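Chemist: Sequence annotations record features per position, and here TrEMBL assigns region 'Disordered' to 193-212. Look at TrEMBL and you will find 195-205 tagged as compositional bias 'Basic and acidic residues'. Look at TrEMBL and you will find 416-534 tagged as domain 'PGG'. Per TrEMBL, transmembrane segment is recorded for 426-447, 467-493, 514-536, 556-579.
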Amino acid sequence: MSQVITIQSQTALHIAVINRQWLFVEEILKVMPLEALELKERYYQNTALHQAVWDGNTKAAELMVKKNPKLTQIRDKWGAVPLLLAIKSISSGQKETALYLYSVTRDEDPSPFSGYDGAELLCCTIDANFYDLAMCLVKRFPKLVTEKTRSKVCGIEMMVQRPFAFRSGAKMKGWKSYLYELIQVNMDYSPSCDHGTRGDEENPVERPNNTSNKRTVTEFFGKMVSIFTSVPCLKQLYEQKSMHKQAITLVKCMLIDIETTMTELEIRDFFSNSSVLKTAIKYGIPEFVLECVDKFPFLIRLYIGEQKMIQMAIEERNKTILYLICDRCREDNKINLLSLRDKGNNTILHYAAKLAPSPQLNSVSGAALQMQRELLWYKGVESLVLEQNKFMRNKEGETAQFIFTKEHKKLMEKGEKWMKDTSQSCMLVATLIATVAFAAAFTVPGGNISDKDSRNNGIPVFLDHNSFVVFAVADAFALFSSTTSVLMFLAILTSRYAEEDFLKSLPQKLIIGLATLFISMATILVAFGSALTIVVGHRFSWAPIPITLLGCVPVILFYFLQFPLFYEIVVSTYWSYIFRERRHIIRRSTKKHKKN
């Protein structure tokens with residue numbers, strides 16, 4: 001059983017593991033000598049344990065390690081111990097296997113938990129979304145947090161490259177967001193590795209004293225979670241919230257480790273030369289920034305490269321992080337922070353004047369609305385800076401307003417084209433509706449009384465019917481609203497398209513034009529339905545039911561296809577809360593500045 005039987009130097013155990021013959025593996029292990037378990041195949045230098053953990057077979061791994069504990073420390077061709085290989089693999093049983101191997105892998109020289117190997121282990125654990133295992137690693141080996149891999153990446157940098165691991169990156173809306181907030185996640189129930197490394201006696205991890213009451217509560221919660229997560233949608237939300245909680249808990253552990261293993265000077269140097277905060281602001285992870293600023297308040301005033309955090313937040317168009325920085329900044333430092341200039345003498349208003357990064361720009365539909373959002377952001381930052389800084393020139397002699405005009409020239413041209421194309425298309429539809437509504441007023445359903453001798457001559461035949469009244473009112477609404485819509489779209493086409501027009505004037509005209517167009521479409525359908533009811537209703541009494549149901553189809557289509565855009569325009573024009581709710585930040589600081 002210990003003999004090499006292939007040209008790749010594989011033993012019978014290697015072959016059995018590769019072919020997943022697990023029963024045969026158990027039988028071989030009973031008769032195989034200890035030394036034979038350490039034999040490596042020629043190409044990848046894998047032991048049988050390496051191959052077993054690659055497939056996520058925890059039971060086979062346990063049998064091998066129980067027979068020969070040295071196997072956990074043996075490395076393959078690339079220097080990976082079985083624990084690292086288990087984390088890198090993608091099979092369904094990997095987490096269980098990784099947790100087991102963590103418990104039996106020893107911290108002995110050469111240690112897989114320090115230096116490049118330890119950093120690689122932590123980064124791969126984070127990359128595999130095993131945040132609970134990563135928590136065990138950073139609690140037990142605090143220096144791993146800032147230890148870099150051979151590719152110059154550390155664990156905390158890996159975390160900020162995963163915005164989806166945080167609540168802010170989930171982008172949930174509607175009922176999903178509501179259910180997410182209702183879901184309760186018990187972190188004590190999540191899979192843990194608090195039993196420590198079994199084979200490591202020098203650095204044992206303290207295990208909590210689990211009382212019988214705690215075990216009972218945990219078991220009860222486990223059963224409740226099993227029932228709750230049997231619904232696929234709820235299971236996904238539960239797993240997502242669990243991941244978010246684990247991720248933010250891991251970040252807190254990392255920052256505590258940085259605080260305990262470094263001096264303030266070393267912490268400043270680390271964040272100054274690292275891309276951690278810049279990446280967090282770029283990807284919009286306010287939870288991470290909040291934890292960093294709460295733990296190390298001096299980071300607000302720290303230069304990261306050539307910029308401070310407030311300049312990055314403004315450049316990346318992240319109002320949440322900007323509010324956070326202003327809230328956490330001391331009152332006597334806010335004026336200095338908002339009056340900040342970089343080496344090129346650029347104020348924060350110069351940063352707001354630059355064109356937004358593509359991801360932030362493309363989050364808004366249509367070039368005209370993108371231009372409106374850029375103007376809102378610029379005006380918002382302008383309201384924060386002191387009056388004397390609004391016209392400050394940088395070293396190139398450019399004001400913020402000049403930079404804004406230069407950077408947004410192409411976007412403004414695209415916005416003009418988008419507005420004109422939209423207006424022309426909508427005006428054509430509104431004109432057709434107005435034409436039909438006008439004609440319908442003189443060709444009423446059922447016709448008119450044509451008795452010259454009657455005093456009712458020329459009066460509509462069905463004038464006394466309720467359906468006719470509905471028809472007349474709906475037709476009048478359709479005509480007036482479609483005419484208003486045509487006038488609004490005509491006003492858009494003849495607009496001067498200046499920068500300021502994109503802020504209020506053009507969006508307001510578009511809102512009125514679209515609203516009246518939608519009203520005219522709805523009322524013309526009502527007029528058609530009532531006319532059809534008048535014509536066939538006396539013979540088919542059930543006719544109003546299918547007519548009403550079919551009339552609802554365009555309304556439903558509008559809700560799903562057009563209403564989101566209309567809603568976005570209305571909100572950004574009338575209820576845009578960029579900087580509005582936090583103006584007290586600068587007002588308080590300005591008053592204090594004036595007193596001094």
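A Cβ is built for glycine as well, from the same backbone N, Cα and C atoms used for every other residue.
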Chemist: Mean pLDDT across the domain 'PGG' (416-534), rounded to an integer, is what?
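Modeler: Averaging the confidence scores along the domain 'PGG' (416-534) gives 87.
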Chemist: Would you mind listing the long-range same-chain contacts of the transmembrane segment (556-579), meaning Cβ under 8 Å and 6+ residues beyond its ends?
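Modeler: That would be 319, 364-366, 369, 372-373, 376-377, 380-381, 383-384, 504, 507-508, 510-511, 514-515, 518, 521.
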Chemist: DSSP-wise, what's the residue breakdown of the domain 'PGG' (416-534) into helix, strand and coil?
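Modeler: Final tally across the stretch: 89 helix, 2 strand, 28 coil.
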Chemist: Cβ under 8 Å, sequence separation of at least 6 from the ends of the transmembrane segment (467-493): give me the contacting residues as numbers and ranges.
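Modeler: Those are 419-420, 423-424, 426-427, 430-431, 433-434, 436-438, 440-441, 444-446, 460, 506, 509-510, 512-514, 516-517, 519-520, 523-524, 526-527, 530-531, 533-534, 537, in sequence order.
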